[in-house]
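The structure appears right after this line, and notes come after that.
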Amino acid sequence: MQKLHSRQQQWMPVLFLAPAVILFVVYVIFPILQSIWLSFYEWDGIGEKTFVGFSNYIELFDDYQFWVALKNNLYWMVFFMLAPPIGLGIALFLNQKVMGIRLVKSMFFFPFVISQVVVGLVFSWFYDPSFGLFNKALGLFGMEPVAVLSDENWVTFGIIVAGLWPQIAYCMILYLTGLNNLSPDQIEAARLDGAHGWKMLRHVILPQLKPATFIAIVVTVIGALRSFDLVATMTSGGPFGTSSVLAYFMYEQSIFNYRAGYGAAIATVLFLIMDIYIAYFLWRMLKSEKA
Amino acid sequence: MFPTPIEKRSLPFNLSYRVAVWISLFLWLLPLLAVLLTSARSTADINAGNYWGIPSEWMLFENYTMVFTETPMLRYLLNSILITVPAVIGAVALSTLAGYALAKFKFRGNVALFAAFIAGNFVPFQILMIPVRDLTIGMGLYDTATGLILFHVAFQTGFCTLFMRNFIVGLPDELIEAARVEGVSEWQIFWHVVLPLVRPALAALSVLIFTFIWNDYFWALVLVQSDEVRPITAGISALKGQWMASWQLIAAGSIVAALPPVILFFAMQRHFIAGLTLGATKG
């Protein structure tokens with residue numbers, strides 16, 4: 001009996017894991033390898049594949065559009081970093097116990113729950129040069145209307161602002177949870193020592209919010225690198241590709257221009273950039289696992 | 001509590017805080033409010049450029065009726081449900097099994113496998129796009145709900161396994177050991193001991209990935225092309241192309257698309273936030 005059990009114990013995890021692992025390998029692990037492999041081929045997506053070595057990459061690093069997309073991803077990452085501090089600010093603002101505050105908190109979270117396609121539509125209206133609220137607001141200050149989404153200089157920032165809306169909501173909820181779990185003793189002790197306001201926030205509160213900050217930064221960086229939905233719905237990368245990001249550029253090349261090999265090379269570059277963050281996250285996660 | 005509870009401040013401060021909270025909420029949701037109002041506007045209002053004011057004529061009922069009768073919106077909505085519900089059930093089921101194995105069995109490669117699930121969850125979709133599309137076409141599942149469901153189940157399994165594993169790790173080993181000593185089979189242990197204990201986690205996880213899958217746009221573009229299968233996110237953007245000037249319809253459609261996750265969020269708020277903030281409170 002004992003023997004049967006230990007044998008069962010040996011095999012059961014394999015059975016429990018098998019369905020998930022098989023699907024995960026087929027749909028995630030294997031495709032990653034395939035994409036990397038494909039990036040060394042010239043392929044229209046249907047016909048024969050021709051091995052071309054590194055020429056997709058050489059072309060890529062020479063492609064003006066690639067640098068535009070990469071630069072835009074960089075803007076996304078830099079400006080998306082506003083989400084954690086603004087989210088913290090809103091969380092601090094809302095962390096009170098007045099009537100109806102729970103409803104307010106959940107409604108502040110709305111932008112994160114709704115689809116990015118809807119967010120994109122909402123902001124397209126907001127920016128519309130002829131009737132958008134944004135230009136009406138500019139008009140109030142006596143400024144000329146700006147067609148944000150068709151202006152090469154403004155378009156990416158316009159989309160990033162739209163992206164910040166749900167991202168700030170996400171960070172806010174992370175911080176609200178964090179604030180809920182603060183140690184009251186430490187705060188009381190610090191108060192007795194005369195700490196308050198900014199000093200309290202910096203030296204007592206923020207250190208305790210570290211786990212929330214870590215997650216907020218990770219999801220924000222990943223969100224910035226993954227940005228696709230908003231670019232696709234708001235501008236399709238336009239005008240003239242000036243608002244494209246790597247994710248959209250890849251999609252465009254593979255689906256509209258039938259350049260699967262080239263698309264795979266773009267995807268591989270994006271994947272490599274993201275790996276830095278994935279590796280960092282894993283390292284942190286597994287370290288805390290051991291502790 | 002930080003900041004200092006507002007009750008301890010002066011009355012005027014207190015009152016102005018209460019007002020400020022609602023004003024800031026109003027401003028925060030202003031864009032959404034505009035869509036809501038636009039979904040109730042008449043064509044005349046739209047043509048006159050009244051996009052932000054109060055509708056001169058309330059056409060709420062008419063517009064929503066029109067969205068459901070004149071456009072494929074109802075079909076899109078149904079498609080989204082037919083795709084999302086099975087995908088959520090599939091991903092949660094597979095990952096509960098896998099999460100249990102990773103949490104309560106010691107074997108070689110346990111940590112590596114766990115790490116792979118976590119990492120896979122963060123990869124950019126584009127690195128999967130071409131092979132997954134080829135695979136789906138190869139299996140004859142391109143432009144079918146099944147093709148989309150299979151992918152969602154596989155991809156969400158990464159996050160779900162991480163989630164379930166972390167939850168199950170916290171369950172006491174003694175319960176499982178006691179059952180083993182009694183001679184209960186491993187499957188029975190899973191079914192009768194573990195499963196009842198993870199119910200709250202199942203709820204949290206389900207509402208969370210329901211929204212993720214419901215809101216997916218990229219894979220709906222890549223794996224589907226016809227109205228018969230297209231989920232609501234891709235549907236809205238298709239509508240936008242066809243009904244260019246009928247903003248009131250697009251607005252009504254957007255509200256319809258946004259409603260299911262919003263309702264679910266409201267109904268299961270605590271679970272939703274518990275799922276989302278997993279890891280935000282401990283190092």
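Sequential numbering from 1, following the chain as shown.
Keep in mind that glycine also has a Cβ here, set from the backbone N, Cα and C atoms.
When TrEMBL is compared with the stretches B:29-48, B:149-168, the one noted as transmembrane segment is B:149-168. Across B:76-103, B:110-129, B:247-267, stretch B:76-103 shows the highest tally of CB pairs under 8 A with the transmembrane segment (B:149-168). Taking pairs at least six residues apart, the transmembrane segment (B:189-214) and the transmembrane segment (B:110-129) share fewer than three Cβ pairs below 8 Å and do not count as touching.
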